[in-house]
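Copied over from TrEMBL:
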- 158, 159, 162, 174: Zn(2+) binding site (BINDING)
């Protein structure tokens, strides 16, 4: 029954799937932006519940992870947005709304940087796992365009966090990154991903996660 419910959520998501571009400086109204899908509180709850269950059944489903993050994270996004408004760098990001895509970042130039630089490490990460910044889903279910950009920004720096922490993309690496993101953002998707991901790890891996989180919390 749960699989049928998740399947219906996935079908709804695909029906609404269109190419969008959230990294714009202006929107048609305060309630909508390109690619936005307006949903009621009940619809958000159902999408959040269904996609959350789907993530537990198949953590590799990026579309369900995206939906769960967008429909469950409003309070956390508002807090992040408030913190950004109260910091000069955050204000600049919210004003300029930069995005991380292959048409906005010169990856070839980053590849030519010396070893030990963050740009070089980032492109090494992308090349090693054959990732592209363009693979990150655009935001659809967050009604406030400012919060939608915050969600997109979180999503696009995920690989940067992997690079910064030196974590691979296996189960252990993803759990470590999710815990760090959860501590920083308080997004339910990150906290639940870290918690339930830890439960799926082999017992010998749990102390590794705990050690990494314990060390990093002093720098967050």
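Even glycines carry a Cβ here, placed using N, Cα and C.
Please treat TrEMBL annotations as automatic predictions, because they have not gone through curation.
Annotated features taken from TrEMBL, shown on the structure.
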{"residue": "158", "record": "Zn(2+) binding site", "Cβ contacts under 8 Å, 6 or more apart": "136, 177, 181"}
{"residue": "159", "record": "Zn(2+) binding site", "Cβ contacts under 8 Å, 6 or more apart": "122, 125, 126, 131, 133"}
{"residue": "162", "record": "Zn(2+) binding site", "Cβ contacts under 8 Å, 6 or more apart": "125, 168, 169, 173, 177"}
{"residue": "174", "record": "Zn(2+) binding site", "Cβ contacts under 8 Å, 6 or more apart": "59, 167, 193, 197"}
Secondary structure of residue 159 (Zn(2+) binding site) (DSSP, helix/strand/coil): helix
